[in-house]
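Below you'll find the structure, written out as structure tokens, and then a few comments.
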């Protein structure tokens, strides 16, 4: 199925993949050296269940999602979600904040565990922080001890230095994003 989404556009090899929001009008294409870099997940064995994210955005002019207007939103959704699941959302929100991915509309569950599946597009304006991506964190006021300790370990510029050690990191992010 993935190979069926590969095509040529302006003499470049492009791919849009198979996902809920993947479309031929929004592909990823190779660069001037004919290199296409990314990550692909294949062959996930098992029954994946897709759910709407409690913090999904609404893209209708003049309409806000409940999480944007309800001061007790976390308490509301806590009736249907376990503490473990809310902590999963907090972890995802922190990661999404780093990569500026504000449009996680769905989440997937496999064997009781939350999967982080996405088309991987992010890294918008490096000078704008979209704090609302962190809504699960600041609305629920919870964080795993492990996550907190890891954030402390990566603070003060350590994350930037670790990222710079990654091979070909500058093929993915600019210095401004670092």
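Here the Cβ of each residue, glycine as well, is placed from N, Cα and C on the backbone.
Bear in mind that TrEMBL entries carry predicted annotations, made automatically and left uncurated.
Neighbour density for residue 103 (active site): within 10 A of its CB lie 15 other CB atoms from the protein chains shown. What TrEMBL lists as active site is 103.
The number of other CB atoms found within 10 A of the CB of residue 108 (ATP binding site), across every protein chain shown, is 15. Positions annotated as ATP binding site by TrEMBL: 108, 118.
Per TrEMBL, the feature Mn(2+) binding site maps to 118.
The feature domain 'FAM20 C-terminal' is assigned by TrEMBL to 10-163.
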